[in-house]
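Quick notes on the structure that follows.
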Amino acid sequence: MNRFALVSLYRSLIRHPLYTAVNVGGLAMGIAVFILLGLYVRFETSFETWLPEHQSIYQVQSEWNLPGSPFNGVMQNTPGGLLDMMQEDFPELKGTRILTSGKIIHNGVAMSENIAHVDPDFLDIFRLEMVRGDARTAMRDPANLVLSETAASRYFGSADPIGRTLTLSDGENADLRKVVGVFRDLPANTDFNFTAVTPMKPPAPDDMKMWRNLGALSVSTYLRFDTPGQARAFIDKLPAFVERHGADLGEKPAETLRYPLTPIADLRLASGDKGSDNRRLTIAMLGLVGLLALVIAIVNYVNLAVARAGLRAREVAMRKVVGASRGALIQQFLGEAIVLVALAALVGLILAELGLPLINAAADLSLTLPYGVVLPVLALLIVVIGAVAGFYPAVLLSRYPAALVLASARSPGGGRAGARVREALVVLQFTLATGFIIAAGVLFAQMQHVRSVDLGFQREGLLIVPAMTDSSLTESQRLALLAALRDVRGVTHVTTATLAAGGSNSHAAENMPVPGTPGDGPTLRKISVGPDFFATYGMTPVAGRVFDPNYRSDDSTETERAGGFNIVINRKAAEALGFALPQDAIGKTVGGHRARTIVGVVEDARFFSPRTPIDPAVYVYKARIPDWPMVTMRYQGDPRQVMEQTRTVWRRIAPSAPFNGAHADRRLTELYAADDRAARLFGMGAGLAILIGCVGLWGLASFSTQQRVKEIGIRKTLGASSSDIVKLLVAQFLRPVLIANLFAWPLAFFAARTWLAGFDDRIALSPLYFIGASVVAVLIAVLTVLSQSIRASRAAPAWALRHD
């Protein structure tokens, strides 16, 4: 653009400040939303890319083909001895394992720590940034330990940690380890959470068989290949490997178990499990919101530029008279669009910087604006958006015939074609806006449902302590803890089980043969429970009774292997076993040669994420503390006081086991925290996108009423009232809004149904969400244009007829 074109643009913007504010403001908000949600998408898709040569690292996963079993599908753990077995068959293979467990005892106090027990080659594959120490030798000595910066500071403060010692405990054994290195804290964009790394101890000879059992999943296994071709070639060898080592898997081991390799950078979004599918959908949804907010802003620009084209028609005509070609005019107007978009981009960048703390607070992140990435992208956006947004108005303006424009008493407005284009753009805007309103309504309703739905137990007033599983605890300590916890003020019930609200320490399952039915029977999740389990959780039977210590046959402690004891099942298990009604199951014997008698049926209880299906479950009673126990306490009164008293009791009786108690509502909230964050981000993005549309509609209404001033004056002269004028102007914009619903409903229905499909516990997709959103969209449109319509309707006819 030359100096005269810039001066012309400047004068045009100054002469029409409303146009300038609406266009720059709308585009700026659209660009800001696009940048902010783009940063979130970039963060979520960058996991593990911080690792040097991450393209060469693959995780070995276990993919089970066990229809009807809780273990069916992809799991990220493998047997502990899998890497050894692979390297025996393929000596050239490079790999490492990670087993995260243990605690650190410092100054006589046990502290929970995410300790990664790894192979000697770990730091050759996972090239952590070492602040102190030598990565080449750090894992060569079994007595070595490497800490993160935060962990080193926690244990040694500002003192030099190199050469210091810490005691690592796995519960049964305690070993002294020497700190030989410190690595940089892991970044936020990682799913690894270890804060200490130490060489893995080999298993005891008695444990070697289980260590190499393909069905015993205990570690994460990673392989390194120089090229993707090497990885693909290795995958082709794995079916034969499973056939050789999977004798315990049945007649066709390779059909029961596969070992897919997933690039480490793809684990979060493409690992094949349901969690990665849900994350991928959420990221795509938020990225689409950012993109559509930008689209709405571009539509605003085009719509206002088309509506305002007539105001510059005489300028175009004069330029043509003095020799300007059509190509030169198109070039000028495209240049103006790019300059305007550049101004909007600058304002949008400022808005993004100001809005970043809100995004970080909503998503519990610490994102920053990487200007080295953002500025080049913004420069490209300026050119692309300027060209896209300015092309149609430029072509439209350059087509005006000079003679007709100069001979006309009024400025051209684009005719019916221009009106149809503006209406189509309004339809597009409100299709997106109505779709956003529907989607936001469904998202927030689903999250409210998740927070308030009946889980099958009473979630309030529960305190969970998973640390009872710590192997350093003796049986007498566990019994002493239970007795002391029952004496905590406000506690009414205490129980143990292999499962608690928000998680489980056991994934045990077994087939339950049904008399008279061929086959092994359905697979049921086995939950071992102690005394008062059902009373603690407030679960009452829908048929029969729950366990009673007075019934000796309820206790399976001594008879579980042989059978002959009573069980309680949930409603889903009753259906899986073929009983039409819960009461039909009472007194029936199942389990084949290990006979078990059903004495009660309880409601299905949702102990896990609302996205996870409730398994058919069998509850097995243990009069003594079951294996892998978790403590659940039912209390009344102040939660903080109960927590503090419980922590005091725990540290007094079991100082070697780190206390990790948490209230049930907190544990349950963590299960859907990611969905809650996504809903908040979606609501913020969608709300701003709707606001951008409203700003554009308000600006369009302003220009439209200005163009119809004389028409309004004539109508009022002929007897039209102010209310008639308001109805006329409002109806002009109401029609495209109503048409937009025809497109918004099916699009929103498909999107909402797809998102809800990821939840096992979900709301019904009621028509009320769609009707309510349409009503809101109509109200937004009416309120947006009402002020302009009222002001235009109050203009005196004499002034309107003189107005040009």
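Backbone N, Cα and C define each Cβ position, glycine as well.
Unlike curated records, TrEMBL annotations are generated automatically.
The domain 'MacB-like periplasmic core' annotation in TrEMBL covers 20-204 (among others).
According to TrEMBL, the feature transmembrane segment maps to 21-41 (among others). Proximity of distant same-chain residues to the transmembrane segment (21-41), defined by a Cβ-Cβ separation under 8 Å and at least 6 residues beyond the stretch ends, is recorded for 283, 286-287, 289-291, 293-298, 300-301, 304-305, 340-341, 343-345, 347-349, 351-352, 355-356, 359, 363, 365, 367, 369, 374, 377-378, 381, 385, 389, 681, 685, 688-689, 691-692, 695-696, 698-699.
Using a Cβ-Cβ cut-off under 8 Å and counting only residues 6 or more beyond its ends in the same chain, the transmembrane segment (283-307) has close neighbours at 19, 22-23, 26-27, 29-31, 33-38, 40-41, 44-45, 269, 337, 340-341, 385, 388-390, 392-393, 396, 413-414, 418, 421-422, 425-426, 428-429, 432-433, 436, 678, 681-682, 685-686, 688-689, 692-693, 695-696, 699-700, 703-704, 707, 751, 755. Annotated transmembrane segment per TrEMBL: 283-307 (among others), in sequence order.
According to TrEMBL, the domain 'ABC3 transporter permease C-terminal' annotation covers 288-400 (among others).
The transmembrane segment feature in TrEMBL is assigned to 328-351 (among others).
Taken from TrEMBL, the feature transmembrane segment covers 371-392 (among others). Listed by sequence, the residues of this chain that lie at least six past the ends of the transmembrane segment (371-392) yet keep a Cβ under 8 A from its Cβ atoms are 27, 31, 34-35, 38, 42, 294, 298, 301-302, 305-306, 333-334, 336-342, 345, 349, 421.
If you look up TrEMBL, you'll see 424-445 (among others) marked as transmembrane segment.
The annotation domain 'MacB-like periplasmic core' is assigned in TrEMBL to 427-621 (among others). Residues belonging to the domain 'MacB-like periplasmic core' (427-621) score a mean pLDDT of 92 in the model.
The feature transmembrane segment is assigned by TrEMBL to 681-704 (among others). Proximity of distant same-chain residues to the transmembrane segment (681-704), defined by a Cβ-Cβ separation under 8 Å and at least 6 residues beyond the stretch ends, is recorded for 18-19, 22-23, 25-26, 29-30, 32-33, 36-37, 40, 285-286, 289-290, 292-293, 296-297, 299-300, 303-304, 307-308, 358-359, 362-363, 422, 426, 429-430, 432-433, 436-437, 439-440, 443-444, 729, 732-733, 780-781, 784-785, 787-789.
According to TrEMBL, the domain 'ABC3 transporter permease C-terminal' annotation covers 686-796 (among others).
TrEMBL lists 725-748 (among others) with the feature transmembrane segment.
What TrEMBL lists as transmembrane segment is 768-786 (among others). Same-chain residues lying 6 or more positions outside the transmembrane segment (768-786) and placing a CB less than 8 Å from one of its CB atoms are 430, 433-434, 437-438, 441-442, 445, 690, 694, 697-698, 701, 726, 729-730, 733-734, 737-738, 740-741, 744-745, 748-749, 752.
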Helix, strand and coil residues within the domain 'ABC3 transporter permease C-terminal' (288-400) as assigned by DSSP: 99 helix, 0 strand, 14 coil
